[in-house]
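Okay, so here's the structure we're looking at.
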Amino acid sequence: MANGRMSMYSVASEGLGGPRAGQQPSQFSTTTLLNAIHNIYLSSQPFKLDAGTSLVVNTWLTASQTGPDGRTGGTIDAALGARAWEHARRRAEDGCIVLGSLHTSCPSLLTPFLSSLPLSLPSSLYKSLEAIQPFLRCSTPYNPSTPRQIALGVTLTLNLTGSLRGAAIALSQGGIDSTKGLLNIPVEAGYRAFDVFYYLLTSASTPAEREFLGLKSASSYALLAKSGTYEPPSYLPTADDAAAADDFRSALKDIGIKGSAHRNLISTLAGLLKLGDTLDYNLDEDVFDEICEDVSGLLGMDPETLATQCTTEDRATLVGGLYEALVDWVISKANEAISAQMVRIRDGTESIGGGGARTPTSNGEDDTVCITILDIPDPTLGKALAMRGVFDDTLGINSEMIADGVEVSAAGSTVVREMQAAIGEVGHELGIMTSATGRDRQHALEKREEVLEKIGHSADEDAFLKKLLFPITGQGIDLGRAGRLDLSSLLSSSRVWYHLSIHPTDDSPASLAALPSINSAWSAGTVSRQLRSWRLPEWANRRNKNLDFTADFDIDEFVQRYALLGCKDGREGIETWILERGWTNGEVVVGKERVWVRESAWWEAESMLDMKPLDSNLPGMGNVMAVNNLESGYSANGSGYFPTPMLDTTPNGSRDHLIAHQRNFSQGNLSQHTLAHNAAMRAPSVAPSGMRNVQAGDYGLGTKGDTFKGQVFYNNEGEFVGQMDPEIADGKHVEEKTMDKDRRIWVAIVWFWTFWIPSPLLSFVGRMKRPDVRMAWREKLTLVWFIVLINAAIVFWIVAFGKILCPNFDKAWNAKEVAYHTGENDFYVSFRGGVYDISKFWKIQHSDTAIETTKENMMPFAGLNMDDYFPPPLPLVCPGLGIAPTTTLQYNNTPEYVIGIHKSGILADDRTSALGATDWYSTKLLPKMREFYKGDLVWDKAFINSDGQNNDHMWVIYNGGVYDLTNYFKTLKVFQRVDSVNFLNADIVSAIESNPGEDVTDSWDEIVKTAANNATENASVQNSLNCIKNLFYVGIPDFRYSARCQTNNYIMLAMTIILCSVILVKFLAALQFGSKRRPAPQDKFVICQVPAYTEGEDSLRKALDSLTALQYDNKRKLICVICDGIIVGAGNDRPTPKIVLDILGVDPKVDPPALPFKSVGTGSEQLNYGKVYSGLYEFEGNVVPYLVVVKCGKESEQTKSKPGNRGKRDSQILLMSFLNRVHHRAPMSPLELEMFHQINNIIGVDPELYEYLMMVDADTCVREDSLNRLVSACANDAKIAGICGETGLQNDDKSWWTMIQVYEYFISHNLAKAFESLFGSVTCLPGCFTMYRLRTVDKGKPLIIADGVIRDYAVCDVDTLHKKNLLSLGEDRYLTTLMTKYFPSMKYKFIPDAYCQTAAPESWSVLLSQRRRWINSTIHNLFELMKLKEMCGFCCFSMRFVVFIDLFGTIILPATTIYLGYMIYLAASSTGQFPIISIIMLAAVYGLQALIFILKRQWQHIGWMIIYIMAFPIYSFALPIYSFWNQDNFSWGNTRIVIGEKGNKQLVAVDDEGFDPRSIPLQRWDDYAMANNLPGRRGGYMEKADMGYDDQYEMDEIRSVYSSVRQGSVLTGMNRNNTYMPPQSPAPFGHMVRASGAASPYHHDQAMANRQSMASLGTHDINRGQTPFQDFPSSRPSVSNLRGQANPSPGLGANRSQSALGLNRPHAAAQSTSSFDFQRGNMQGPDDSMIIEAIQGVLREVDLDTVTKKQVRALVEQRLQTGLVGERRTFMDRQIDNELANM
C-alpha cells in the first residue's frame, strides 16, 4: 500500500487533529448547539460538530463579503477540507465532502470551498464552474441564486503525495429540475428561469447574433413571461445581466466553446425558448407552424416532426430533456478543457495556476485517490443522505463497526422513523426505485427517452442536435447515466465528510440588505427548526460518543505503519502501545479484525511518525519526508520553502497558528533543539530542492544550464519545456485600485486623443488582446503625437512662424543689402521699387547694337539702382497730363556708367534698334524684369523723414509706398516751372513741398476727395497720382523692424543667447587644466555592488579584478555581487552565478540554504529566495572580502528559464533595503539576516560602518585610483549625495556601431555631465559607475537608503506605460530623479578624474535596444522632473531648470535633424537668406568641443568626431523615432493585467496566488543572534566578554541558523592564534546598559573561545584597539593609566578585533558619525573618562599650531558622536585647557 505520509510541517496542525475524546461536551442539546451556532455566526467562523462534520451559517450577504480568512463566498471550514485531503493521501482512501444546505436560502459554497482546499487547482476548473452555473441557477424570492440541480460534484484525483492529477465535474443521475427552472416557473413575482436565457437576451448579444437567432425581449417568450420578472434582484449590489453575460461568454470561450460550438449552443438555447411558445394550447395554427419552422431551423431537424408527430406534452418533455442534454454537453466540454490543461501541467508546458509551477512528480504517480466535493442544494435530499449515513446501522461504515465488535448505541426510534421518512421522499435519487416516487420517476425517464429518440432520429445527420442526444455513436439515448454521479455508490465507497450550511432567518433576502451589519439577521426559531429537522443534537451526541472514528486499519496494517513508533505485532502489541501513548479506549478501539482510531489520536500518531527522522541520524532535514522524496522540512508541500497560505483558517487551525506551531521545530529554535544531538542538522536548509536534485559540486545551484549552451529549452527533469503564452492566462480575479489624480487626468487626455480608434480594431488587427496592452499603445500614440507636435512646433517656430508674423521678411532688401549681391552668380539690382536677381540674364547678349554684353561692361552695375539708367518716355507713363513726347526730366544724380543708359522711343540714341519702339519700356522691359523679381526695395522710415527734412530730398510716403519726386522738382527748378514740365496737379505738388520725407496719405486722400466733385480737377488729380506711381515709385518703408516682424527674432535671440551660454558654460566646465591632484588615501567603508545577469566570464573577471585592484584599503571595501537569477547568458556554457563563484574560487561543494526575501515583483513574484556566499578574493596581491547573493527563485520557478530573475532594480533594492534595515535596526528577512551575519561575523565589519555604495556593472572595468577619488570628493563636500566618473569604451574599434559611440561617450561626460555637475544637478548617475552616500554626515540621515527612495524605487505593480519606462528601462536615471526629489538640497556631481571603461553595444540591434531604453527613460523622467517643486525656482531662474531644458533637447532631436537638413538645403540651393547665425552656432558647438579635446591633447577624438558627425542622422533621427514609437515594446507580465480604467478606479485582473508578507519571517538581528547564540549583537545584550578559553572557536561554530555550510573561499596557512572579538555596537555608548563581564548573567553562556582566522590582512592598531569606545569596559585601562600610557601592552587587545576572515574589526574611533544610532540616542551619555580620552586622541592627531579650541571641541564631539551641553560641555572645555597645559 502506498504511503501518502508527508512531513510534520504539512497542512495539519494541532487544529486538524481536533480535541481528544474527553474534551467534547458530554451532551449536546438544541439549546447548547443553538448558542454555539449563534456565537460562530457572529464571528463568521465554522463550528466543528464532530471530527467529520462542520456547521457554518451563511446568507447571500455574507457570501458577498470578504471573510476573516480573506476569502469571499461565505464562511467555510477549510480545516475540514484539509482533514479530508490528509486522510485521502495518507490512507489512500477515496473521500467525499458533502456540502449540504439546511435551508433553501443558503448560498452555494462549492466554489469557495474548492478554493480553500490545500491544493493548487487548475484555472480551467474555476472557469468551467463559472460557465456551468448559469445553466443551473435561477432567481427566486427566497434565494437570488437558487441551484436547480439535484447534485453537482467535482471529483479531484490525487496521487499519494497529495498532488492533483486530474479533476472532473459531473451532475448526479437525478440531473436538473427543469420543471421549476424552466417549464413551470411560478407565476408570482421574483421567480426567473435559468440565468443563461437572460444572458442570451441581453445587450451583450451582437446585432448579427440577435438577427440570426431572431431574439426578442424576455417578455415575448412564454417560458419567461409567467412571473413577469425579467431583471435580477435589485438588492444585489452586482446585479447586472449584461455584465454577467460578458463574464459568461468569456468563461465559455475559455473552456473551448467558441466559434461553431458557441453558435450551436446559443442556437439550441434560442430554439428552446421558441419551442416553449408551442406549449400554449390556444396557439394559432399559423403561428404554431411558423414557430416550428424557426425552431427546426435552429435545431437542425425536420419541422414536420415537431408539428405533427409531437404532442404538447412531448414538446414539453423535449424542452426539459434537450436542455439537460445541452448542460451535459457543456460539462463534457468543461471536463475536456480541464483534462487538456492537466496534460499540459504534467508535461511541464503550463503551470497549475498560470503562475509557472508544475506539479512535481513523485513515486506515487501510478496510485491515485479521489476526493469528491458534492454540492447538494436541496435540504430534503441532503437531510436524507446525511441521516442515512449517521443513523442507519444497517449500511456503510456503521454496520462494519458493529460487525467488528465496536459497541454502538442504537439510534432512537423517533430519529430512525424520521430518517426513513426523509429517505422515502427522495428514494429515487438514491437509487431506490421500488417506492411510488421511484416508479413515477422511472416512468418519466422512459417517456423522455422515447421522445428524445424520436427527435434525434429526425435530426439532420450532421446536426448539433444529434450530437447532443447521441453523444456516443451507435448507442441510443443515454441521458442521465453517462458521465453522471451515482450518489448511493459514491457515498458507500468513500469516507464521507459533512459541511452543512445553516441560514439564520426566514426573512426574505431583500430585507437583509437593510440590516446594520452582515451578521445582524438571526432568528433562533428558524435556526432551531433547522437543527431539529436534521437531528443535529442527536447527530453530535451519537457520533462523538460512538462513531467519531475517522481512520480504521487492519491489524497488520496498523502494526506495519506505526512500527517505527514502537508498535509491536499482534493485538496485544497494539494494545500495549496504545497504553504507552496514553490513549483511552474511547480514542482507539481494537476490534476483532480492525483498529478504529479517532481523529485526534490518528493525527497524533501521524505527527509522531513525521517527526521520527528527527531522532534518527539521517543526513539532515532533507529526509524528513523520505517516503515522498521531498527534501525540506519547512513547507506544507515539501517544496523546501516556507508554508503557503492554503491552510486551516479556524481559530485553532489558522495559518498563523500553524507557523507558531512549527516554530518549535524550525528556524532558530530548531537549531537549538537539535544541535546537541546532530551537528549535521544544526542549520536546516531551505534550498529549493523539491523540484530538482542538487548534486555536490553545483554550489547548491543545480545543473540547470550547464549543458545547454545558452538554449532556452530544458529537459523534463523539472526543467522548462516549450514557450509560455505571454498574453493569455486563466483563473483571474479582479482587484480594484484607486488611481491618483495625475493618472486620471492622463487617462482622460489619452482617450481624448485616441477615442477615434476602436478597441476591437486594436484587438483583432493590432493583435493586442489585453486591455492594458491596448491602453499602453494608446498612451504611446498620444505621447508620440505630443512629441510630433513639439517637434513640429519647434520646426514651425524656427522656419515658418516668423514668416507668418512677417510674410515678406525674406523678400525685402534695402539699398545697402542689394549692394552686397555683386557676384557673377549673385547679380542683384534694384529698379522702380523692386529688387531683381538678373544673375542668369546679364551674361546673355541682350543688345542689338554694337555694345557687347561682357563681364567688364556688366559687373559695374551689380548692386546698383537702375532707375536713372532706364528713363521711360513721359507720355507713356504719365498719360492724360498733356506731356510732349520730347519732354524729359533732369536727374539730380548723373548716372556713372553712360553705357548703361537705355533711352527708348523718340529719345532713343539709335532709332533703328529695338529701343526705338515707342512702347519698348512697357512691352519689353517691364515684363522681362518681372521674371527676375525677388522682392521689395525698402527704406528706413526714419531715414526717409530725416533725409526729406534735412537734405531737401523730395520723397514722401503714400499708402505704404515711397515716392521720390526729387528729379521732378529739379526739373521744375531748372526750367522755372514752365507749363511743359509742370504737369502734375498743383495741390499734390504743394503737399509734397510742404511735407518732404513724411507720410502724405491723409493730405493726398483729402485732395482726391475734394477733387471728386469737379470732373476736370478729378481727372488732373487721378492722372497725376497715376504718373507718380509709374514714374516715381522707389519702394516701401522698411517693415522688417516693426514689432510684428521683430518679435520672433527677439525670442530666437533670447533662446540663442541661452543656448550659447549653455554651450559656453559647458565648454568652461570641461576645461580643467593642470595636473590631476592625487587625493590623500581615504579610510571610509565602501560597498562595491556588482549586479550580474548574463555577462560572460571575461567581462566578469575583468570587473572583479579591477575592483580588487583598486588603490584603496582592502579591508574597507566589500565587493558585493548580486546574481539576478540562474540564467545562462548567450555564449556561456553555464549559469552566470556559477561563473561568478568559479572566478571567486568558491568550493563547488558549498551549498548554502536558499533563504526567503521580498523581491520587486508582482503578486507571488514578491517572494524570492537567495543564497549567500562570502569569502576573500585575491588578485595581484590584493585580498578583498566579497559577498555573493544568488537569487535562485521559488520552487515553482525552477521549471522556468530564469528562476529568481527580477531585474537589475531588484538587485539594487535588495542591497538598499538591507542597508536601510541595518540603519534603522529594523527586523530583517532570513536572507538579510544571513547577509548581516556574513558581513558582521565572517567578514568582520559591522554593516552600519559602510558609508558609501558604489554601483558598478559587471562588464565595467574601474581604473585603480577612481574609488579613492570619488570618496575624496565626497569627503571634501558633505553635500554630495551621489557622484559619478567618466565612462569610456573598452571596445571602441570592434565595429562601426562602437566607433560612432566613442565621441558621444566622451562628449556626453566632459560636456553634458560636467555642465550639470557645476550646479550639483547631474540628472543621470549611470548605474555602470556611480557612488552614493548612504547617510548625511551631520545628522546621519539616510540618503540612498531612505524609506521614501526605496518605497518609490521598489514599486511592484509596474502596469502602466509610464512606470514601465521609468522602472523597467531607466532605473539609473529614475533613481537619480528620486534622489533629487527627496534630497533637492544635496549635490549630484561628476568628476572626470575617476574613470572606468565599459563595453558598448557592438551590433545595430543591441544599440537600438539600448538607446530605446535610454531615450524613452529620459522622456518619462522629464515628467517626473517637472513635478519637482525645486525644479524651476523663482521665474524659472534655477540651474536645475537649465539642466531640464538641456534634457528637453532629447525630445526635439528629430526637429534638430530636420532643421539642419533645411539649413543645408538653403545653403546649397540659395533659395533663401543664408542662415549665417545658425551656421555660426553649429561651428561654435563643434568648435568648442574640438577645442576641449585638443587642449586635453586627445587627438584621436578628431577622427571620432568626424565619424560621429557622419552618424548624426542615426543618433538624432533614426534612434529617437524608433524609440518614440516603441515605448510600449515590453514583455507584459500576465499575473496582473489592467483590464480597465474609469473615473478614479483601476481594475486589475490578478492571475496569481498573491503574496503573503507572512511567508517571509522577519526578525531583528539582536533577537536572532541571541536566539541562535551568534556573536555580533549590537546593543541591549551582553556581548562576549574578553575571556580566555583553551579551545578554539571554529569557523563552523559561528554560522547563522540559515548557514549549514562553510564560507565560500578561504586563504589557508594563516595565523591560527588570533583571538576572536565580537563585533561592537556602532552606538558608542551601547555598553553602558550592559553588565560587566564579571556580573553578566550571560557571562559563561556566551563566552566564546579563540577561533581560527581564515586570513590575516594587516596589523592591528593597538592604540585604536584600546579606545574607550570598545565594548570591553572591564578591560579598559583606567584614566590615570591612559594619560601616561603611550603604548599599552599588546596583551590588552592586540589582534583580538579580527573577524572570521581575519579582517581587523574597526572600532568606534574609526567610525563615521553617520553610523551613529539615532533611534536609541546616547543612552546615558559619555562619562568623564571617555571625554578625557577623546580629547587626548584629538590632540594627538591635530596640528596644535593651527587648530583652534572651537575646532578641537567639534572634533571631540564628533569622536564621541554626540553633542555635549551643560555640565558636560563645561567639563570638556576645562579638560581641554588642562590637557593643553600638560603638553
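Using N, Cα and C of the backbone, Cβ positions are placed for all residues, glycine too.
Swiss-Prot lists ASN159, ASN637, ASN652, ASN664, ASN669, ASN1014, ASN1018, ASN1416, ASN1529, ASN1617, ASN1695 with the feature N-linked glycosylation site. Annotated transmembrane segment per Swiss-Prot: 745-765, 781-801, 1051-1071, 1441-1461, 1474-1494, 1502-1522, in sequence order, evidence recorded as sequence analysis. Per Swiss-Prot, the feature compositional bias 'Polar residues' maps to 1664-1688. Per Swiss-Prot, domain 'DEK-C' is recorded for 1725-1781.
Here the features listed in Swiss-Prot are painted onto the structure.
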{"residue": "ASN159", "record": "N-linked glycosylation site", "Cβ within 10 Å": "23"}
{"residue": "ASN1014", "record": "N-linked glycosylation site", "Cβ within 10 Å": "11"}
{"residue": "ASN1018", "record": "N-linked glycosylation site", "Cβ within 10 Å": "14"}
{"residue": "ASN1416", "record": "N-linked glycosylation site", "Cβ within 10 Å": "27"}
{"residue": "ASN1529", "record": "N-linked glycosylation site", "Cβ within 10 Å": "15"}
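In terms of DSSP helix, strand and coil, the domain 'DEK-C' (1725-1781) has 41 helix, 0 strand, 16 coil. In this structure, ASN159 (N-linked glycosylation site) is part of a beta strand by DSSP.
In the three-state DSSP assignment, the secondary structure recorded for ASN1529 (N-linked glycosylation site) is coil. Secondary structure from DSSP puts ASN1014 (N-linked glycosylation site) in coil. In the predicted model, the domain 'DEK-C' (1725-1781) has a mean pLDDT of 84. Separation of the C-alpha atoms of ASN1014 (N-linked glycosylation site) and ASN1416 (N-linked glycosylation site): 77 Å, rounded to the nearest whole number. Taking ASN1018, ASN1416, ASN1529 as the glycosylation sites under consideration, the smallest Cα distance to ASN159 (N-linked glycosylation site) is found for ASN1529. Here the CA atom of ASN1529 (N-linked glycosylation site) lies 11 Å from the CA atom of ASN1416 (N-linked glycosylation site).
Between the alpha carbons (Cα) of ASN1018 (N-linked glycosylation site) and ASN1529 (N-linked glycosylation site) lies a span of roughly 78 Å.
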